[in-house]
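Asks: Let me begin by handing over the structure; questions about it come next.
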Amino acid sequence: MRFTLPLVLESLRLFFALTALVLAVSSLFFPVFICDVCENETDTGNVSVNGEITFWKHSLWPNESVKNESNKLDLVEYFNCRKGKVRIQMVEGIAIIVCVLTGANFSMCIFGFFFGHILFIGLIVYLFLAIGLSACVIGFLLEWYHLGWCEGQPPLVEEGGMSWKYGIGWILMVGVCAASFVGLLLSICFSFFRRKGG
């Protein structure tokens, strides 16, 4: 089997589609924000805690104890305003749609080895959607982190005694956006070389 440039581009596109899929699914299970050894105000004074925020849960637990279900709060209940509740549900939904899109992109890349000319337009559209929606998730999370969503709740960066920072889930979502973008560029290059007959 002769390795031509289109075959190499097709293989790279498949690799980046798989990478985007793995990163998208993984981002749902890792915290998007973490707080190592923060000070949390309680009725009995300040307590050193660890914290993490996933797409669904806000968790705080004392340093010396183990994280368990009693320390978790649904993010919808965490926000004290309608805007925050709606925004976090949008972020959750969009993150799941990104997983579906990256799965569809991976499937189309596999079939692209055989029917590349038929699936090209669909793949380009789905890659654009994956890029756009993962960028939306990143943007919404940045807005929550820096600006906040509710007047009564400060943004995470200003939350008293807490030192929130970006977690693995947020970084993985950035990786989804980047891998999908590389996949889009490879698809365009692949189409260009295929039309030229190289």
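Cβ coordinates are placed from backbone N, Cα and C, and glycine is handled just like the others.
Any TrEMBL annotation is an automated prediction that lacks curation.
The transmembrane segment feature in TrEMBL is assigned to 12-34, 94-116, 123-147, 167-193.
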Asks: Do any residues, 6 or more residues outside the transmembrane segment (167-193), come within under 8 Å Cβ-to-Cβ of it, and if so which ones?
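Replies: Result: 5-6, 9-10, 12-13, 16-17, 19-20, 23-24, 26-34, 52-55, 95, 98, 102, 105, 109, 116, 120, 123-124, 127-128, 130-131, 134-135, 137-138, 141.
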Asks: Who are the chain neighbours of the transmembrane segment (123-147) in space, where the CB to CB distance is under 8 Å and they lie at least 6 residues beyond its ends?
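Replies: 20, 24, 32-33, 87-88, 90-91, 94-95, 97-98, 101-102, 104-105, 108-109, 112, 155-157, 164, 166, 170, 173-174, 176-177, 180-181, 183-184, 187-188.
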